[in-house]
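Chemist: Pasting in a structure now, in structure tokens, and then I'll have a few things to ask.
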Ligand SMILES: Nc1ncnc2c1ncn2[C@@H]1O[C@H](COP(=O)(O)OP(=O)(O)OP(=O)(O)O)[C@@H](O)[C@H]1O
Ligand SMILES: [Mg+2]
């Protein structure tokens, strides 16, 4: 069953006397419980896609359907995790993680307990009453993860959530996220620059082209890799095989960027 | 390094800080005393006209009299009351207008040229018009104290609203937050430090507005005393009022500073 459908979605950013075509005719389908990775060079429109799915941006043409309904009509919770944590510095970690329920007027004692439970699960129980500036980057990102999960979203949008972290922290968080998502059976879209991260976490990888953003190729991750933790996937022989194929494809696009068709107007600013 | 010698370094550092503080304080007192001493001497030896510039001893005498018979207190009270009210009104109305501008992009675009003009305009020049409109009394003077800070507050706070990182709003919007919720949860708390820092500027501005207002109308207040002293050629009274203003304004500024640091501490 298709859970999320993007049907010929294009997006333009308009400025005073120019426009940028950020997305050109993007179509793909995400199944329930599937984990998709979006891989591509900087500026190819990955964040734009996520913002459109989250309902923060409205696509200029095309259709985005969540369980068959346009996203703005759907009352399914969407969890959006940005590149940086964007925790509110004036709120404690606990209050930060409860901001979603507060906005939706569903902040009950049960939800608060649930938040504390999740904080404990990601190892932040002892800092629940601290302010974000007292936490390390990895801890903050985990708090942001709790804030995203607490509304029980049916779909998670992860915009390079690990890119600002050191390698070790990143590997640990990858394991944690992948474990949690599997446990709670979530659908997820992960944006990343890191081929290894894409392979180790997802079921399917959408490789994107820039100028304008479009989908160049889709890779299925072999079954053997899907059920391993991200850390172990990286040691699997099939991992290297897929890595090389994606690497090759990425380089091909780089040598031949004129593949991008149509008027790719760049913003002057 | 052993903890013993670390402690020693700390003690040494503290000692140096203390010494520095003492030196600064000594100089401050020295300047104050020599200023009044030179003034007193210059006045007694007729280097300056004692009729125009008075002298510290005469001022002290006058103030002693006025405070002991209580005749200056109503003037101080009136001016302080007007200043506080003008200052609060200016700040609050400024923040409200900034909020309205933020709530509608179109409104802020429409209002832009008017705000620029209002800001460039010397507000005290509106004094006569305000007095005509609101009558010669407290209300006009309070309005003067308020109007002088309202536009700058609006501009500073509004630009503070717009400088808030849009990604914080994005986080809330992903939970389906309304514009009002965004304001309440992000824009307002993120701009609170900016608002608090306008308090300090505004308290100074309100003094200007109120004193000028009292120059123009009023039968009471420190500004009135200055004008009155000027008219009857009692420059000791003028100087005394100035000194009272300096002291009271200084105290008020310090209080606002204390409130500011308290607010910053208690709002995260
Ligand atoms: N608010 C905006 N106004 C104008 N142009 C924009 C805006 N946001 C993004 N763009 C343009 O749209 C294109 C896609 O941007 P987007 O942020 O989606 O890329 P991305 O793939 O997420 O990049 P990165 O990997 O660096 O985060 C870029 O060319 C960018 O310049
Ligand atoms: Mg991005």
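A Cβ is built for glycine as well, from the same backbone N, Cα and C atoms used for every other residue.
When I checked TrEMBL for this same protein, it listed these features:
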type	residues	note
DOMAIN	B:72-256	domain 'ABC transmembrane type-1'
TRANSMEM	B:24-47	transmembrane segment
TRANSMEM	B:84-102	transmembrane segment
TRANSMEM	B:114-135	transmembrane segment
TRANSMEM	B:141-161	transmembrane segment
TRANSMEM	B:199-217	transmembrane segment
TRANSMEM	B:237-256	transmembrane segment
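Have a look at these and tell me how they're positioned relative to everything else.
Modeler: Only residues 6 or more beyond the boundaries of the transmembrane segment (B:84-102), in the same chain, are considered here, and those with a CB under 8 A from a CB of the stretch are 108, 111, 141-155, 157-158, 160-162, 183, 187, 195, 198-199, 202-203, 205-206, 209-210, 252.
With a threshold of 8 Å between CB atoms, the same-chain residues lying at least 6 positions outside the transmembrane segment (B:114-135) that come near it are 143-144, 147-148, 151-152, 154-155, 208-209, 212-213, 216-217.
Under 8 Å from some Cβ of the transmembrane segment (B:141-161) lie the Cβ atoms of residues 82-83, 85-87, 89-91, 93-95, 97-99, 101-102, 108, 115, 118-119, 123-124, 126-127, 130, 134, 187, 191, 194-195, 198, 201-202, 205-210, 212-214, 217-218, 221, all in the same chain and six or more residues away from its ends.
Long-range contacts of the transmembrane segment (B:237-256) within the same chain: residues 53-54, 59, 62-63, 66, 72, 75-76, 79-80, 83-84, 199-200, 203-204, 207, 211, 222, 225-226, 228-230, each at least 6 residues beyond the stretch ends and with a Cβ under 8 Å from a Cβ of the stretch.
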